């Protein structure tokens, strides 16, 4: 019977296959758009994280694959080979940190072939930054810099200009990304995947996933950009992924093989496409053919895409083509559709009811501060590199630029990487700093060179710097001064206006005085180092350097430095051999703070009592505002069996809040002096703070020390501070967008949909990079921060900041590691302690913007301090002790910031100027500003000025000619008139509120005077 059945099967098989042969099939994949059909744009891509579970280099070479089998080198090798095989295939690439690594390893012959692929459009660079930066935790200057670095590489090597923004993975999207990192780069469109699940559901219903996004109220319609949100994630529809180990069924089109399924797979494709058509406008849809670290064996993808294009087009119901986001954008524009207008931003982001991705606004606060500190340092170092003259053979800022660029990645500064990856980012930053530190020292030595060229040439000054000043460690200032020697302190100001600011350095002796370069004694203040400060200093110097401090600093010396714009001043610290007059008066309160203590002069007071610290500002005789400061911690949720969502590196899910009260025998140390008063307060064994008020200033500075956060009880803790007032704020507050624009927030409200509130705390948290403020009819309270943090106003008249986090559970978002930072010493490891500052000012309504904008610049760009010793007055008498790059008495207007002054490799100089104020923000400063380039570069002759896009990769005029003007539903508002083109004779730059202008400048060769010494400087 079995033989008969088998014979029958052979007969039937012969009938089925009879006349059919297996042969080569030439797939027709020639791209075309068919107006009368649904056009499906297939976009092959690989999303390559510049560090996350593995380090950037491990991801590139494919090492440490026990964590994840990912090798970007294989992706690029494989993709390029596949593109060369078929001219119809296309691929987009985004992360230049990886492509740059791959590019420098290629032969000249391979480079020629790749350039042809780029020129033909087969390989297109999208976004084009070194990484796909985060949008919540970076400062806008860092976002500009990292993108510029990638764009310069693309322009230099390929002569190309990216057209599309591609922020597919960041966890929420900022207004600054839309208008500044989009429209101002000359991008025609911006695409991403992650928006709030409630927002997505509404947009799917209403076909509003694609919009015109107007991110700036100040720049209006001139800064709009077409924006597309993907219907699902940034991967293909289910059943269409084709990496080697993926489970999607391939098209099997050989009739001699089993499982022939062409029509079945064509039907699957058509069904998925028609489903997407139902949620978007026009007859064009885009499929993302790829996801994380795909195309390691690119043939497995391209073979299937070839087949789908061939057979679906042959079927005739749809038109399918290899495409790119640029081609897709052009097709959308050609459709002449009107699009909804989107304003504000896409924060906060939640992917489930109890999963708000707002914890990462604060995660890894020490790393966030390190990035911010080095960002400000890099800005100053580039200026000094320009003033000295770029020397490619010596130390440069290039390594720091690269490390900072990578650190802006959405799993880097965000704090959402694994611990060993965080250490790798920090190491790269440290190595970059060491190179930039040498550059800064040599530049200051050059600029302060001998006053007279006729004098005997001095050897270059060896300047020392102190990167650990934040923990009161500075070998240069702590060293005991031998007889006849003194310490020269050179203070550099990277801002465009004069600064008078208190400088603080640790010293070992109390017998010191401070003089300016003319020999005039300067008012100073000498403070004892607290026990807490000494403990932190000793522990963390040992942790960082592997050894304890050699010297024992006993005091902090503070004096006011007066520094010209884009220049330096010099001061001299000497040991007099007798007790200094500047020793601060200090005393300690006893008992349990049962008596009221008041500190401060003028109209700003600090009051301490059993209730805590109160900051009071007298705005007038009848208007007094008091803000009471306190600490608390949220208990991070561990999740439940029903809903396992826990608080973690990404997600903030609180499960209650507990106040942190001062211990019963808490003491206050009050320090008073001629420059400032401060109060030291130890709340418990792991939280202490210093509250400081400066003479002549209207803000309070709160310096906090938090850690190690106790973990023995198994409770996740998220540490917050609150400022509570009686202001009637009606649920309204304002937070910055990447340190630039301020956006109005209303508690439990979203502009674009009716919010269903499941997490009333986490769902009202927003990212802060500059600060947060609230106001009512009588007053305005502003808080500025020194790094990226999360913040909110959860009750009327109250502001809170999240400062530190230590978790006990992972939040199931892929990192697979608990956020539990520790510091390790030979005697063991313990939780990380962080130090930081925030600043509080109370103003009349509408008056706070001036302080937020100008003081915010001082926070971002602290004074740069360098030290050298001298014998007698030898250095002061033989060097230039003060310097400004500007024409004497000239400074930038207070509403303009100098963002970038950088000499490029080709000798051109990149200059960025930014208006700091928004429209209507301040009656005095929200107006057009003018900058005179001749006075900025008064000792150089400007030969040519060319205005460019924000990244400097194309002329502004050409960019504007190509700009797509989209139709908007309803009113798009008036287009804002920007500053006039720079006249070649007058050389005046005009800036309207929130405008940033980028210029490439060429100078004539000339003899210029630097430090009264002639220098031939070719620029």
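Every residue, even glycine, has its Cβ placed from backbone N, Cα and C.
As annotated by Swiss-Prot, signal peptide applies to 1-22.
All chains included, 21 other C-beta atoms sit within 10 angstroms of the C-beta of residue 169 (Zn(2+) binding site). When secondary structure is read from DSSP and collapsed to three states, residue 169 (Zn(2+) binding site) falls in the coil class. Swiss-Prot lists 47, 49, 169, 410 with the feature Zn(2+) binding site.
DSSP assigns residue 64 (N-linked glycosylation site) to coil, not to a helix or a strand. For residue 64 (N-linked glycosylation site), the same-chain residues 6+ apart in sequence whose C-beta sits under 8 angstroms from its C-beta are 54, 55, 58. Summarising the annotation, Swiss-Prot assigns N-linked glycosylation site to 64 (among others).
The N-linked glycosylation site annotation in Swiss-Prot covers 278 (among others). In the three-state DSSP scheme, residue 278 (N-linked glycosylation site) is classed as coil. Every protein chain considered, the tally of other Cβ atoms within 10 Å of the Cβ of residue 278 (N-linked glycosylation site) stands at 10.
Here Swiss-Prot flags 336 (among others) as N-linked glycosylation site, drawing on sequence analysis. Using a 10 Å Cβ-Cβ cutoff, residue 336 (N-linked glycosylation site) registers 9 neighbours. Mapped onto three states, the DSSP output places residue 336 (N-linked glycosylation site) in coil.
Annotation source Swiss-Prot lists disulfide bond at 466-474 (among others), citing similarity to another entry. Look at residue 466 (disulfide bond): DSSP puts it in coil.
Per Swiss-Prot, the feature N-linked glycosylation site maps to 470 (among others). Annotation for residue 470 (N-linked glycosylation site): same-chain Cβ neighbours under 8 Å, separated by at least 6 residues, are 373, 835.
Residues or ranges marked as N-linked glycosylation site in Swiss-Prot (evidence: sequence analysis): 638 (among others). Residue density at residue 638 (N-linked glycosylation site): 17 other Cβ atoms are found within 10 A of its Cβ, drawing on all protein chains shown.
Annotation note: residue 730 (N-linked glycosylation site) sits in a coil segment as assigned by DSSP. Annotation source Swiss-Prot lists N-linked glycosylation site at 730 (among others).
Look at Swiss-Prot and you will find 820 (among others) tagged as N-linked glycosylation site. When secondary structure is read from DSSP and collapsed to three states, residue 820 (N-linked glycosylation site) falls in the coil class. The number of other Cβ atoms within 10 Å of the Cβ belonging to residue 820 (N-linked glycosylation site), over all protein chains shown, comes to 17.
Counting every protein chain shown, the number of other Cβ atoms lying within 10 Å of the Cβ of residue 829 (disulfide bond) is 11. Under the three-state DSSP scheme, residue 829 (disulfide bond) falls in the strand class. Annotated disulfide bond per Swiss-Prot: 824-829 (among others), in sequence order.
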Most Cβ neighbours inside 10 Å, all chains, among the disulfide-bonded residues 466, 474, 824: 474
Cα-nearest neighbour of residue 49 (Zn(2+) binding site) within the listed recorded positions, 466, 638, 820: 820
Additional residues around Zn(2+), ordered along the sequence, whose Cβ is within 8 Å of the centroid of 47, 49, 169, 410: 48, 52, 132, 168, 170, 292, 409, 411
Residue 829 (disulfide bond) to residue 820 (N-linked glycosylation site) - Cα separation in whole Å: 11
Surrounding CB atoms that lie within 10 Å of the CB of residue 410 (Zn(2+) binding site), all protein chains: 27
Greatest C-beta neighbour count within 10 angstroms, which of the recorded positions 47, 49, 730: 49
Distance, residue 824 (disulfide bond) to residue 466 (disulfide bond) (CA atoms, angstrom): 22
By Cα-Cα distance, the member of recorded positions 474, 638, 730, 820, 824 nearest residue 410 (Zn(2+) binding site): 820
Spatial neighbour of residue 474 (disulfide bond) that is closest, considering only the recorded positions 336, 730, 824 and their CA atoms: 824
